[in-house]
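Below is one structure, written out as structure tokens; the observations come after it.
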Amino acid sequence: MVLSPADKTNVKAAWGKVGAHAGEYGAEALERMFLSFPTTKTYFPHFDLSHGSAQVKGHGKKVADALTNAVAHVDDMPNALSALSDLHAHKLRVDPVNFKLLSHCLLVTLAAHLPAEFTPAVHASLDKFLASVSTVLTSKYR
């Protein structure tokens, strides 16, 4: 999915508002995903998945850091996320549908925390951005 210049501006502005809360929001999105889509827990059998778990917080920070990297390299996401794509495709073997589920939960989390900034245009831009990230992460499955 191609991001327009307006989409890129919206994504960078919205992610800038996330700022220091990125890890917290990443963990919250993971918790939402685990509660809403319990089958996603199968990829984390070694994690304590309870609310506030240090492992979920740690992985939430990893998710947020990867998204921060994608925002910073929005014009070259395939190269920026190449190692992460390899990891998820070849080692972790995560079903690609799970990226869509996490993206949805992240959008809900951002809407809850940033209601003033989460306009329809920003929502659409973030949705396109997360779809692009998902596409890049699943590109090495083929």
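Cβ from N, Cα, C; glycine included.
Some features that Swiss-Prot has for this protein:
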type: BINDING; residues: H59; note: O2 binding site
type: BINDING; residues: H88; note: heme b binding site
type: DOMAIN; residues: 2-142; note: domain 'Globin'
type: CARBOHYD; residues: K8; note: glycation site
type: CARBOHYD; residues: K17; note: glycation site
type: CARBOHYD; residues: K41; note: glycation site
type: CARBOHYD; residues: K62; note: glycation site
type: MOD_RES; residues: S4; note: phosphoserine
type: MOD_RES; residues: Y25; note: phosphotyrosine
type: MOD_RES; residues: S36; note: phosphoserine
type: MOD_RES; residues: S50; note: phosphoserine
type: MOD_RES; residues: S103; note: phosphoserine
type: MOD_RES; residues: S125; note: phosphoserine
type: MOD_RES; residues: S132; note: phosphoserine
type: MOD_RES; residues: S139; note: phosphoserine
type: SITE; residues: K12; note: site 'Not glycated'
type: SITE; residues: K57; note: site 'Not glycated'
type: SITE; residues: K61; note: site 'Not glycated'
type: SITE; residues: K91; note: site 'Not glycated'
type: SITE; residues: K100; note: site 'Not glycated'
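With helix defined as DSSP H, G or I and strand as E or B, the domain 'Globin' (2-142) counts 110 helix, 0 strand, 31 coil. Closest to K41 (glycation site) by Cα-Cα distance, out of the recorded positions S4, K8, Y25, K100, S125, is K100.
Ranking the modified residues S36, S132, S139 by how many other Cβ atoms lie within 10 angstroms of each Cβ puts S36 at the bottom. Averaged across the domain 'Globin' (2-142), pLDDT for the predicted model comes to 94. A 10 Å radius around the C-alpha of K61 (site 'Not glycated') takes in none of the recorded positions listed as K12, H88, S125, S139. Taking Cβ-Cβ distances under 8 Å and a sequence separation of 6 or more, the neighbours of K57 (site 'Not glycated') in its chain are G23, E24, A27. Recorded residues S139 (phosphoserine) and K62 (glycation site) have their alpha carbons 20 Å apart, per Cα-Cα distance. Cβ-based neighbour count (10 Å, all protein chains) for K12 (site 'Not glycated') stands at 14. When the alpha carbons of S132 (phosphoserine) and K12 (site 'Not glycated') are compared, the span between them is 14 angstrom. Distances between the Cα of S4 (phosphoserine) and those of the recorded positions S36, H88, S125 are shortest for S125.
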